[in-house]
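Right, one structure below, let's go through it.
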Amino acid sequence: MSVQQLISRLTDIVGSRYIITDPTKTEAYRSGYRFGTGNALAVVRPATLLEFWNIVKVCVEHDVIVINQAANTGLTGGSTPDGNDYDRDIVVINTMRIDGIQLINNASQVICLPGSTLNELENQLKPFGREPHSVIGSSCIGASVIGGICNNSGGALVQRGPAYTEMALYAQLNEKGELELKNHLGIDLGETPEEILTNLQEKRYQVKDIRQDCGHGHDHYYCNYVRQVDEGSPARFNADPARHYEASGCAGKLAVFAVRLDTFPLEKETAVFYIGTNQTSVLSDIRRHMLVNFEVLPISGEYIHRDAFDIAAKYGKDTFWVIKKFGTHWLPKLFSLKSNVDRIGKKFFFLPQHLSDKFMQTVSKFIPEHLPQSLWDYRNKYEHHLIIKMGGKGIQEAREYLESYIADGSKGGYFECNAIETQAAMLHRFAVASAAIRYRAIHEKEVEEIVALDVALRRNDQDWFEVLPPEIDNRIISKLYYGHFMCHVFHQDYIVKKGYDYEELEYEMLKLLDKRGAQYPAEHNVGHLYEAKPTLRKFYKELDPTNSFNPGIGKTTRKKYWAE
């Protein structure tokens, strides 16, 4: 069957407005937020679950590769093509039009459709005094709920662990090339795919149709796991087979139509403590004591190094300001606008590369100072910063412990944040990742590339702060260290000097991490940046025996039936 026939059939399903074949207009869908870009025959944007199913069926019949994509906010290029060396044509299915969030069991659980975002879920749950698995970080840039599940996304919240569920509705292509719809949501929705998908979309089910004994809606064991600080393995990482279950961790090897998740009580009272020190052992002691001895685990414990603080202060200022003034729901629209501006800029040779970044960086120079003086004072005094958020009884636990541990000032300092300092500290921490990208765009003549590593250290690793050998360090302009300290998950961004082979540099760094017993990636998943470990490759092969959904992920083969 011809390409023209395929495009015609897809157009019949969604209408001409929602199929894009012009390469200049598909670029935003074919390019990752940080990494990955490649060709695609078309980008298709279904509005319903049934349209989604029919599109996948047509793609299977035409023997084309399917890459399912939601918000496309991943940092490792896992929901876009990567290069043009595939053995079949590619269709990208963007599911953001299929939004829908259904609260069940008195809002203690939720059904999320492919286009639902963490930000939307957070807003829907607030009136019920509940919140989703992740509420900061990925939620700020419009990440989808299902994208988080498919990638076992981690996030900042210590008490909840990686995004995980055992309840999902998905399509799987079996070894015979037959597409099967599997309803493991635990809800009686009918027998045929048409019945199941339509009934779910229109919420045509009753309380009696919902089973309560059909699996976990989050990782129930992580709270205990993260407290085991003497263990010689990481608390969480993407290749951990204990957290691979159907849709959970599938990385696009299934077409996921819905997931059923647990929600969590919203903390009525919280407090944030800002800690600064010049001794890494001080932060190790704090982490160990809080995880082992506190009755209540921290809500979050975010680390930021002074250099990352500086880069974010200068190159993340406008992102910080937009979130503070308008809220996170504006960011997806702004990212879309940014893509369109850059696309237009490429058409005119007299306009600079990275037009939107350069414009916004100029604008940011006229934005008033955004960080409180207290944060700047700690930046000037201390190299290492830890932002700890506590709730309930944990607030008093933290107050008493920090007052006794940092009593004389020899170990460092701390203060309990007021409302302005709390917001500023949190937003500043999450501006770091985008700030590195901005730095690369502004200094393109000096920067070869960013090597961005997502690392899970051993729970018992005392030497958590990296010291690079001179032969590596000499090739780097700046190193940005930040992460989820209580979980020992670190994001390490290296801005590489112009002229150096950044891929070779990354290879050398990964070898150093191997010697330390670290795992990578920790929570961003392999995408097209990391090589999938054997257990992860096995999981992908089991889910997608014909290798038709998102082939090449984790640097695996892109060929049909996993041919090498």
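From the backbone N, Cα and C atoms, a Cβ is placed for every residue, glycine too.
Going by Swiss-Prot, these are the annotated features:
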DOMAIN    36-207  domain 'FAD-binding PCMH-type'
BINDING   A70, A71, N72, T73, G74, G78, S79, G137, S144, G154, V256  FAD binding site
Coarse DSSP state, helix versus strand versus coil, of N72 (FAD binding site): coil
Neighbour tally for S144 (FAD binding site), based on other Cβ positions within 10 Å of its Cβ: 29
Other CB atoms, at most 10 A from the CB of A70 (FAD binding site): 25
Chain-internal residues near G74 (FAD binding site), provided their CB is under 8 angstroms and they sit 6+ positions away: G32, Y33, G147, N151, H524, N525, G527
The one of N72, S79 whose CB sees the fewest other CB atoms within 10 Å, among these binding-site residues: N72
Rounded mean pLDDT for the residues that make up the domain 'FAD-binding PCMH-type' (36-207): 94
